[in-house]
Amino acid sequence: MASKKEEVRRKHIRLHMESTLTARDKVGVQDFVLLDAYTSESAFLDNLRKRFSENLIYTYIGTLLVSVNPYQELGIYTMSQMELYQGVNFFELPPHVYAIADNAYRMMCSELTNHFILISGESGAGKTEASKKILQYFAVTCPMTESLQIARDRLLLSNPVLEAFGNAKTLRNDNSSRFGKYMDIQFDYKGIPVGGHIISYLIEKSRVVYQNQGERNFHIFYQLLEGGEEELLAYLGLERDPQLYKYLSQGHCAKESSINDKNDWKTVSSAFSVIDFTEDDLENLFGILASVLHLGNVCFEENHQGCATIPDTHEIKWIAKLLGVHPSILLEALTHRKIEAKTEEVICPLTLELSVYARDAMAKSIYGRTFTWLVNKINSSLVNKDFTKKTVIGLLDIYGFEVFDKNDEECIRPGPATDLSFLEKLEEKVGQHAHFQTRKLAGPKGRKRIGWMEFRLSHYAGEVTYCTKGFLEKNNDLLYRHLKEVLCSSNNRILKECFLVAELENRRRPPTVGTQFKNSLSSLLEILISKEPSYIRCIKPNERKEPSKFDDLLIRHQIKYLGLMEHLRVRRAGFAHRRKYEHFLQRYKSLCPDTWPHWHGPPAEGVERLIQYIGYTPEEYKLGRTKIFIRFPRTLFATEDAFEFSKHQLVARIQATYKACLERRVYVRKRHAAITLEAHWRGALARKLAKRRKWAVWTVRKFIKGFINRNKPLCPDNEEFIVFVRKNYILNLRYHVPKNVLDKSWLRPPGILENASDLLRKMCTRNLVRKYCRGITAERKALMQQKVVTSELFRAKKEGYAEALNQPFANSRIDEGDINPKVLQLISSEKIQYGVPVIKYDRKGFRARERQFLLTQKAAYVVELAKIKQKIAYSALKGVSTSSLSDGILVIHVSPEDSKQKGDAVLQCEHIFEAITKLVMLVKRGNIVNVVQGSLRFYISPGKEGTIVFDTGPEEQIYKDKNGQLTVVSVRTTS
Ligand code: ADP
Ligand code: MG
């Protein structure tokens, strides 16, 4: 969007350039440097005239602008014109005051240097207009922020106020500036106008009290009378007619058609509010203006002693009221003078002439100082309060070169100051300056050209001679001490600031005009010397302010003393463009890789390298001591174009760098954040770990301590350890409790838990036993009881017991079906409890016979098939014997006395333990079983005994030995 607009603008400029090219062909040259006969003043004048007749009022001499006052509106100061000149190469467009302004502005922005634009020319030549146009140009084209708009408005509006108080109609100019003005416009680094400062020089005070024929006092007086509201005028004691006031009517032209005082009053009034004037300020200010007018109307008469008197005190009263002084004191001060004689003060009356002088001096003095106050007041509203670095463009509207009529005015000079003594002062103070010349200072050669009353300032292009005649008279405003005292006591707030009591105490003479002149000149020089200059030379085409009238003689004169021919000559001999090496290099260094981005050597060498690189031919330039001189504008344009082109690349590069920078910044920030996070996280982890380790060390140490002290009574040192050990043991024990009654394993307890362990073990066993017992059947219980009995009988007594232990007992070894029914019948009254097959050995021959051995409730039976061979009632049973060896022999002893019995029964039974146990349990008597060692004796029949011998051998044998004894051999069991 913006680039499109820019393109349209460029197109417009090109079109414009082409059209002006043809215009230029027709109407001379737009730059005098291009003039063929550049030494001819007539050719110069012709060119100026040709262009003026086409309303082309601007012409260049290189970069200097010559401007001829058109005395008419030309429509060349429009918005579109301002836009056109913005940021365009100086020579690309037709000459214009905007081009000068824009050039200075661009240079300021790009090189950050301070500039000033010096505008010179005769009164009425258009200097003030030019400076206003420049100010407007900046106000419109410079970038602006809303907050700084007020600064811009103040800069603009300070002008009408200053002009109202400092400008007046003269013969040459209806709006002639009667003071020198230097104005600084301050720009911030973005090129926004942010503030300003005004310095005024030597307001023409004499105009307050006297004007030539056809001239006026300062505008403000007429504006006040024309525009001021009725109440205001009444308050000030003024009438609406300027003719009534002596200070306004001497020139006989109070009303002037070209000036609209009423409108101007409106402009000025509204400006006052913008530049911070309060109601109070304005009241005091208008009071002073009115009292000046009243002063002018104070009339003196001479009494018979030749002393001045004031017959009508009407005016005095108004002045006293407005200035806040006592009327009689004022009256005395206007007609008398204090003379100090040693310790006394003597008051002596003034002559009429001196009274008039005193009155005028008072009017001039209060006006002059009020003007200074006004400038200061405006400055305080223009001040920019932030202290960032500013660059400035100064506008110097030079007030000088005035050609005065010799009868201007008379003035009475107290004291010995003369024009000649002023000249001497000048010689003394600035005589050293190379450009200052007087007759005295000039050598014998130059002397003739300078008059005694003249001094001469040499410009580079020519010399301007000033006549000192009347210099002092015009500016004489010495105020009698008496009057000064009155003003110092004033209640008017502005006068209070202007006339300080301290001044009265200072006995020295007030600074002379010469000193003031010198001071302001040197301070101005100081201001200018540090800045880059641009020049505008204004020419007045005729004396009658007429449009389109070109007065050859008048203009030729101005060309001469403005030094334009000399300037042209220098330009022609010289070059279209010159620039300090530093600045040239700074601007174009991007065009050459050697000088970009920095050149470290001397700037001159850098420039040389640069122009070689971009291909300047030798005739295009010259290298000076501090500057490069470029002969042709086109060379400069080409360079500028190249720069313009390279700017885009630079911008891209700067953008890239900047973006990279931003990205990097973001990256660095992120990285930093990540590192911080990481560090914190690691810290947290490490702290956690350290805490755990510490805890671990503490715990381990405590554990060890507890271990060391484990056997001591419970104390803090071992408490925890013991608790731990207990808990641990108990918890461990869970997995090691015996599973059944026979499991005798038990987890070994630590020393301190032995008692508890024992208790627990017992509990556990008891519990297991109970559980076991509960789970047992009646049948099994009976079996177990049998086994218990067996154990009581044979444990550790008879071999084979341990092996037999595991073999469960049977209820019976013979089914009832296997017993002969006859037998069953025989013992039917008794229930058979147990039966087992046995071998019975005859008591005499020891022959082995198979029998059934049956037990009932009451008796034991030895049965052979259907026959009961022997019945042994339990009551007759004496005992049972068996050997300690592993044989199955059992002998049932019966009482020998029992006649029913044949003798003891010798039996062999495979289930000996079972059989004997069953028998014993049925007999229900203890101690009937006898386990013998070696041999046993038994009754073969009552009274006759036999022996059975038990022995061990490699194999089982039972036989009758040669002694007639039964020998039983059994195999020794390993256990
Ligand atoms: P100076 O300040 O040099 O004494 P001014 O700038 O006050 O002169 O100009 C005097 C008059 O000439 C102005 O009041 C105005 O009427 C007229 N004038 C000056 N410059 C121009 C201009 N560029 N265009 C139109 N009129 C102008
Ligand atoms: Mg002026």
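Backbone N, Cα and C define each Cβ position, glycine as well.
Predicted automatically and left uncurated, TrEMBL annotations should be read as such.
Values in this document were obtained by computation on a predicted structure and should not be read as measured data.
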Annotated stretch (region 'Actin-binding', per TrEMBL) among the listed ranges 38-60, 521-543, 820-842: 521-543
Three-class DSSP secondary structure - THR128 (ATP binding site): helix
Binding-site residues close to ligand 2 - of GLY121, GLU122, ALA125, GLY126, LYS127, THR128, only those whose C-beta is under 6 Å away: LYS127, THR128
Least Cβ-crowded entry, counting other Cβ within 10 Å, from the binding-site residues listed as GLU122, GLY126: GLU122
SER123 (ATP binding site) in three-state DSSP notation: coil
Listed in sequence order, residues not in GLY121, GLU122, SER123, GLY124, ALA125, GLY126, LYS127, THR128 with Cβ within 8 Å of the centre of the ATP site Cβ atoms: ASN69, ASN173, CYS538, LYS540
Listed in sequence order, residues with CB under 8 A of THR128 (ATP binding site) and six or more positions away: GLU163, ASN167, ASN175, SER177, ASP397
